[in-house]
Amino acid sequence: MAKEILFSDNARNRLYSGVEKLADAVKVTMGPRGRNVLLQKSFGAPTITKDGVSVAREIELKDTLENMGAQLVKEVASKTNDEAGDGTTTATVLAHSIFKEGLRNVTAGANPISLKRGMDKACEAILAELKKSSKVVANKTEIEQVATISANSDSAIGKMIAEAMDKVGKDGVITVEEAKGISDELDVVEGMQFDRGYLSPYFVTNPEKMIAEFNNPFILLYDKKISSLKEMLPILESVNQSGRPLVIIAEDVDGEALATLVVNRLRGSLHIAAVKAPGFGDRRKAMLEDIAVLTGGTVISEEMGMKLETAEFSCLGTASKIVIDKDNTTIVDGNGDNERVVARVNQIKAEISNTTSDYDREKLQERLAKLSGGVAVIKVGAATETEMKEKKDRVDDALSATRAAVEEGIVIGGGAALIKASKKVNLDLTGDERIGADIVLRAISAPLKQIAINAGFDAGVVANEVEKSSNENLGFNAATGEYVDMFEAGIVDPAKVERVAMQNAVSVASLLLTTEATVSDIKEDKPAMPSMPDMGGMGMPGMM
């Protein structure tokens, strides 16, 4: 395929055209008075969203070169979303503003490489000031404020997320699902729950609820299949003498072993239940070890030189309660040693920070939550499927923003934090590096200006009012049109979101400015299909 090669200003201007188109579509969603964007899907009904990254992901431009520019800024939105969970619109607006200011200077003859150096230095200085001004999230109210702002000022969502985080802790897993009705619900599972139920319904102790419930049980953990009961007899006799129930968690229990356990359970001679171990392969071994740490037991494993028939009574774990239904097992208040639990939690945290796989990270975070607190499920309800998808997107955003706030603290919201931080920056630079730093310092007000525009106010007047104020916490409340103390008004942003958005925006804008040539495909128009030849003379002859 033939290629189109463009150089210097011609290349950068075409790239800028694509960046501008993407930014124009994304920035209308910004702020409490931002508008919705309607997205056509390849199948199903159109989606209505106010989520910047959802808009960016749908954009593909016809012009190849413009599309290259748009895709680079789309990457900014996606990366910001992956890293901080929110701030995609801020990152897009900043990248567009920095590229626009920089392009003007490059066209006027400034050296792009020197500009980039100055921009990087300004970015570092602003982020250092931002870090100084951040405030630790101290209570449930502040968590609620962050979640509410990120959910487009929906206080009901903010309250629900704060409630969920309060119950399962900052390391707990909070998942978002679609509800069956129109109202929102919050379900909290305390203790460790895994998705394996009883191996036989004959283990049920409460026929009305179809659950097996045991108080103060012993827990046997085995990493192999149990097919014969002979190897288990010593342990079973010891448990039977104690008069306490036993829950077996093994790779599988089948054949003679399962049949014998069921018969003894029905006779009432044993209070027992058997459950398959969660996970597969190495993950199963790790999860069995997690359960062992939580319950104070030991996984009986031949790899460790242990056999079921010689296992000691001390290998059994204990918990205050276990509830098993046909799909799930919940262990409440395991009696494990706190120091061992903390060490295990720290080990999993280290694995999370070292892994490069998103799937592994998700599974590790689930394990971490089960050890450290519990699992909360937010069920989002709405009248229509379109509304439910839009609402679910907002809840996901709010949840990610809240986690980011707990991690690195909060700063004043509404785009004011970056302006206040930039005012304190004093860099000793000269020439084009100075110009590069000034580009970033000027462009930093773009998010605040866009919030003001979307709310119907004069962007220049609002930005000037916030910038000249000596009150460190003063910002613009676009919902009411007032200048307020942002912390007091509860208008806050996670410091991590602002940091990641800023870093990614400067990174991609400086790369675009230092682009001197582009090579892209030339789309060739395919010739139209020729029309079918005339079929004259092929008809049936008339009847005589």
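Cβ coordinates are placed from backbone N, Cα and C, and glycine is handled just like the others.
A quick note: this is a predicted structure, and the numbers were derived from the prediction, not measured.
As annotated in Swiss-Prot, region 'Disordered' covers the listed stretch 525-544 rather than the other ranges in 65-84, 125-144, 525-544. Neighbour count (other Cβ atoms within 10 Å of the Cβ, all protein chains): 26 for GLY414 (ATP binding site). For GLY31 (ATP binding site), the Cβ neighbour count at a 10 Å cut-off comes to 26, with all displayed protein chains included.
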